[in-house]
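Engineer: Not my notes, these are from Swiss-Prot:
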- 12-15, Lys71, 202-204, 268-275, 339-342: ATP binding site (BINDING)
- Ala2: N-acetylalanine (MOD_RES)
- Lys77: N6-acetyllysine (MOD_RES)
- Lys108: N6-acetyllysine (MOD_RES)
- Lys246: N6-acetyllysine (MOD_RES)
- Lys348: N6-acetyllysine (MOD_RES)
- Arg469: omega-N-methylarginine (MOD_RES)
- Lys561: N6,N6-dimethyllysine (MOD_RES)
- Lys561: N6,N6,N6-trimethyllysine (MOD_RES)
- Ser632: phosphoserine (MOD_RES)
- Ser634: phosphoserine (MOD_RES)
- Thr637: phosphothreonine (MOD_RES)
- 2-386: region 'Nucleotide-binding domain (NBD)' (REGION)
- 394-509: region 'Substrate-binding domain (SBD)' (REGION)
- 617-642: region 'Disordered' (REGION)
Amino acid sequence: MAKNTAIGIDLGTTYSCVGVFQHGKVEIIANDQGNRTTPSYVAFTDTERLIGDAAKNQVALNPQNTVFDAKRLIGRKFGDAVVQSDMKHWPFQVVNDGDKPKVQVNYKGESRSFFPEEISSMVLTKMKEIAEAYLGHPVTNAVITVPAYFNDSQRQATKDAGVIAGLNVLRIINEPTAAAIAYGLDRTGKGERNVLIFDLGGGTFDVSILTIDDGIFEVKATAGDTHLGGEDFDNRLVSHFVEEFKRKHKKDISQNKRAVRRLRTACERAKRTLSSSTQASLEIDSLFEGIDFYTSITRARFEELCSDLFRGTLEPVEKALRDAKMDKAQIHDLVLVGGSTRIPKVQKLLQDFFNGRDLNKSINPDEAVAYGAAVQAAILMGDKSENVQDLLLLDVAPLSLGLETAGGVMTALIKRNSTIPTKQTQTFTTYSDNQPGVLIQVYEGERAMTRDNNLLGRFELSGIPPAPRGVPQIEVTFDIDANGILNVTATDKSTGKANKITITNDKGRLSKEEIERMVQEAERYKAEDEVQRDRVAAKNALESYAFNMKSAVEDEGLKGKLSEADKKKVLDKCQEVISWLDSNTLADKEEFVHKREELERVCSPIISGLYQGAGAPGAGGFGAQAPPKGASGSGPTIEEVD
């Protein structure tokens, strides 16, 4: 496998890690300093550019020109609230370039600005070099991980960073998914297990629920916060000590970037110490205006400073359980990923939430993601080793996918959180007599009406042979592959004519915020949606009944059985209702129900003599404003044909 080795890179907010799968196992590769994780830092000086440990080590001397946290900027707009709030904490300068954030630094005596992708690509280049030094040959193929909540532009920008670093990015995979792969290889026991992965890193927090069964991984739900991690805990400590310095020495150090940076370094060290000891001391010589700052902090005080952040980690856990439709008792394993999960209070909160369940700490939390990425890279390169042979990875669709049926109703074929790859087929029919074609409009979203959802694409299937409404059978298939690319095909069963559209998830898809917003809106508007659904159902039921009555009395087979007077009475009333419908499409449910009862009072006595029952149910279909519905009036979906 020598030359076409593929590596797995965990590109973290604060630290990155690289692994390679060879000789049947994963090696996490140490850098030139002997560290298995490398700071995601890039520094620019008068003479050189430093990446990794070298950059982080000189940060106190050169804070304005040392860039970190590029992952917080990547794929975001300058005006983004997250970018604006983060800028307050950064010692380096972020400038606006056409609503794209750029980092401005002095390098070799001149001012330079870089896009976040460029900074991340420098970190990726460093990780690539670490792997090459270990393997002894060039490496180009890589799998790079991102938080589960990264939106499309953030994923695309991360991929771009890989390309800038000279990597062939085989795939971008979710960090929790990667951790699950690492975990899956460690656990080859049989039987289905539900695993909750709690990933609290330097900058992002992800909760994922996966089902692992005999080498098959299935992501059931993901939740999290793109802005919670170890750095936020450091910020709390920094603020605490800035206040303490003010109290003790009557001086404000917060505007002195170098002093704040030295304090932050000491705080990070103290935080790590507090994971194993109950007290940590800080000793910083000549922190500000020649004043030495010697102080200490207890674990209890640290927990108090961050208590809301720690407690807040349980909300995404609850949300993921809700989305996966699981009770906490159904989770078999709790897996900790990310350096911040070493904090005893975080472990205790999670353990208490799960009623004292043991936590799995068997995987080094800093390395699990890179480990899984390395395994995935080997799979994609076609590694034949038996350890990875039986491993299959399934992701989920973040939003429901469906099409518009008559009346603007959203009919979902693939439900939110369905496992991908997946394929769903449903049969639809026409809405009007001799309809020559149907327009297939593909939407994503959770709302009842398509106008509240996101249109992904549309196409037409024409050339349907003339036939009464409800007769043609049009089979629509939604097929999503492993990369999230959607193919929608429509086939007319009688002629075999087909048409299709391919929707890739490249550009302009919904961001995490929009997805969350749509789901929240869907919950908020559920009541409105119900009213609308009922209204459309009542309207469809009325229209269907009117058309059925009309066609029933016009049936040739009834000649002689039905007096002309009765026939005229029914037809006139039906025509009156149909005309009323045309001019009152926005009436409310009660009016439609009332009209239907009025029509039934005229028709039922006449028809019951001829038929037992009240006419055949109408067929549904695609169409203009109004879909017909079976006489049942049970809901807004179109009639499905078996």
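Using N, Cα and C of the backbone, Cβ positions are placed for all residues, glycine too.
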Engineer: Over the region 'Nucleotide-binding domain (NBD)' (2-386), what is the model's average pLDDT?
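Structural biologist: That stretch averages a pLDDT of 90.
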Engineer: Kindly report the helix/strand/coil residue split of the region 'Substrate-binding domain (SBD)' (394-509) according to DSSP, in that order.
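Structural biologist: So the region 'Substrate-binding domain (SBD)' (394-509) is made up of 3 helix, 61 strand, 52 coil.
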Engineer: Using DSSP with the three-state reduction, classify Arg272 (ATP binding site) as helix, strand or coil.
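Structural biologist: Reduced to three states, the DSSP call for Arg272 (ATP binding site) is helix.
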Engineer: What is the interatomic distance between the Cα atoms of Arg269 (ATP binding site) and Lys561 (N6,N6-dimethyllysine), given in whole Å?
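Structural biologist: Distance between the two Cα atoms comes out at 95 Å.
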Engineer: Can you tell which of Ser275, Thr341 has the most other C-beta atoms within 10 Å, given these are the binding-site residues?
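Structural biologist: Per the Cβ count, the most surrounded site is Thr341.
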Engineer: How many other Cβ atoms sit within 10 Å of the Cβ of Lys246 (N6-acetyllysine)?
Structural biologist: 13
Engineer: If H, G and I count as helix, E and B as strand, and all else as coil, what does DSSP give for Lys561 (N6,N6-dimethyllysine)?
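Structural biologist: Note: Lys561 (N6,N6-dimethyllysine) is coil by DSSP, not helix or strand.
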Engineer: Looking at the modified residues Lys77, Lys348, Arg469, which has the shortest Cα distance to Arg272 (ATP binding site)?
Structural biologist: Lys348
Engineer: Would you mind reading off the Cα separation of Arg469 (omega-N-methylarginine) from Lys108 (N6-acetyllysine), to the nearest angstrom?
Structural biologist: 75
Engineer: What three-state class does DSSP give Tyr15 (ATP binding site)?
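Structural biologist: Once the DSSP labels are grouped into three classes, Tyr15 (ATP binding site) ends up as strand.
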Engineer: Compared by Cα position, which of the modified residues Lys77, Lys108, Lys246, Lys348, Lys561 is the closest one to Ser275 (ATP binding site)?
Structural biologist: Lys348
Engineer: For Lys561 (N6,N6-dimethyllysine), which of the recorded positions Tyr15, Lys77, Lys246, Lys348 has the nearest Cα in space?
Structural biologist: Lys77
Engineer: Among all protein chains shown, how many Cβ atoms are found within 10 Å of the Cβ of Gly12 (ATP binding site), not counting that one?
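Structural biologist: Cβ-Cβ neighbours of Gly12 (ATP binding site) within 10 Å number 27.
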